[in-house]
Amino acid sequence: MTYFSNISNIKYEGSNSTNPYAFKFYNPEEKVGGKTMEDYLRFSVAYWHTFTEDLSDPFGAGTAVRPWDHYDGMDRAKARVDAAFELFEKLDVPYFCFHDVDIAPEGSHLRESNQNIDTIVAMMKDYMKDSKTKLLWNTVNNFTHPRFVHGAGSSNNADVFAYAAAKVKKGLEIGKELGAENYVFWGGREGYETLLNTDMKRELDHLSKFYHMAVAYAKEIGFDAQFLIEPKPKEPTTHQYDFDVASGYAFLQRYGLQNHFKFNIEANHATLAGHTFEHELRYARVNNILGSVDANQGHQLLGWDTDEFPTDLYATTLAMYEIIKNGGLGRGGLNFDAKVRRGSFEPEDLVHAHIAGMDSFAVGLKVAQKLIDDQVLDNVIEERYSSFDEGIGKEIEDGTTDFHKLEEHALNLDGIQNQSGRLEYIKATINQYLLKAYAGA
Ligand code: XLS
Ligand code: NI
Ligand code: NI
């Protein structure tokens with residue numbers, strides 16, 4: 001059974017192609033900055049949005065037409081695996097990602113859920129023997145089921161803590177089985193709705209114990225994936241403990257976990273936290289904790305996680321700028337934690353969406369590399385901080401001055417001269433680079 005039979009393998013045809021089923025900018029073999037695009041971008045399909053999502057919203061039923069959903073239960077789960085590996089091959093993507101409940105239905109008991117998972121994992125493993133597509137990361141869903149109403153690792157209920165731990169234990173086992181490069185923790189309900197009934201200190205202590213035990217178990221079974229925390233400030237809880245990279249990093253350091261985790265940064269979570277995507281990437285990069293990326297985008301007018309496929313070239317350029325400066329993503333990748341809109345309900349929309357996202361990041365990669373090659377922003381920044389290259393500035397950086405000497409310096413100043421930040425010029429220059437990329441130059 002095939003599910004995308006009217007669509008052949010998607011190839012690169014160049015920016016003049018009018019074929020909707022072709023890449024216009026993503027050319028996997030093309031080298032940018034010494035690496036192939038495929039190696040740099042490490043695209044991943046998100047199983048949940050692409051094969052499980054029905055496109056329902058709080059006001060309306062699902063609209064998605066998915067031929068694999070004609071089945072029920074485990075038959076449907078198996079059909080989704082067939083559909084998934086067909087699409088991976090057609091898109092030629094190197095990676096995919098999933099939660100436990102995306103791939104197999106939960107049973108009436110944990111034991112049955114685990115059996116269902118084992119059946120699907122065996123099927124995936126079989127497909128992966130002949131497929132180039134590998135597992136970028138897996139995770140477990142410790143937020144949808146009503147048992148997680150008060151959280152998982154931060155729940156007030158110790159039985160729920162144990163249940164959540166058992167699910168992560170299984171997640172680590174199947175991650176190892178399928179050779180996952182990373183393992184993700186997104187704290188969907190690790191937060192609170194109100195402080196009036198919350199012991200914040202106790203919840204944070206518990207959460208740290210949860211993570212420490214996960215680290216210990218991965219070590220025990222020899223699963224050497226990079227652990228990743230995916231910050232999000234809110235939704236579904238009012239306040240989530242992994243609010244953003246900075247607060248997540250403070251938590252890790254406070255509890256001695258900082259050497260075991262990096263961050264999976266999601267564009268739409270960054271904006272929900274009141275940051276730009278590139279802010280979160282930059283903060284992680286300069287602290288050497290940039291692990292992987294959930295590559296989507298939010299809607300400018302909506303205040304929630306709309307998880308749209310990335311099409312904003314300005315955003316992909318600035319994101320790739322950080323990723324290139326980071327030396328790439330290492331074991332991480334660009335995972336499309338993105339879904340088609342409710343009105344885009346046909347299977348072929350899934351293909352258009354991935355082409356759009358992959359092409360947008362390919363443009364971002366090329367433009368960012370050019371900006372770096374030409375040292376456009378490096379020159380601006382170097383010049384802007386040049387007062388710290390010599391004299392009193394150098395003494396500050398070298399730690400060879402103190403408040404006495406700084407006061408003396410200040411008292412002897414004959415006025416202070418600042419220089420323009422030149423923001424408009426910088427933005428116009430970036431536009432120029434983007435437009436040159438459109439022109440294929
Ligand atoms: C939800 C998150 C979730 C994680 C994985 O907002 O983005 O999908 O990526 O649990
Ligand atoms: Ni999200
Ligand atoms: Ni995500």
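The backbone N, Cα and C atoms fix where each Cβ goes, and this holds for glycine too.
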Site-mate of Glu266, Asp294, Asp337 for Mg(2+) 1 in TrEMBL, selected among Glu230, Glu235, Glu322, Glu382: Glu230
Neighbouring C-beta atoms (10 Å sphere around the C-beta of Glu230 (Mg(2+) 1 binding site)): 25
Of His99, Asp102, Glu230, recorded positions neighbouring ligand 2, Cβ under 6 A: none
Euclidean distance between Cα atoms of Asp294 (Mg(2+) 1 binding site) and Asp307 (Mg(2+) 2 binding site), Å: 9
Residue with minimal Cβ packing [other Cβ atoms within 10 Å] among the recorded positions His99, His269: His99
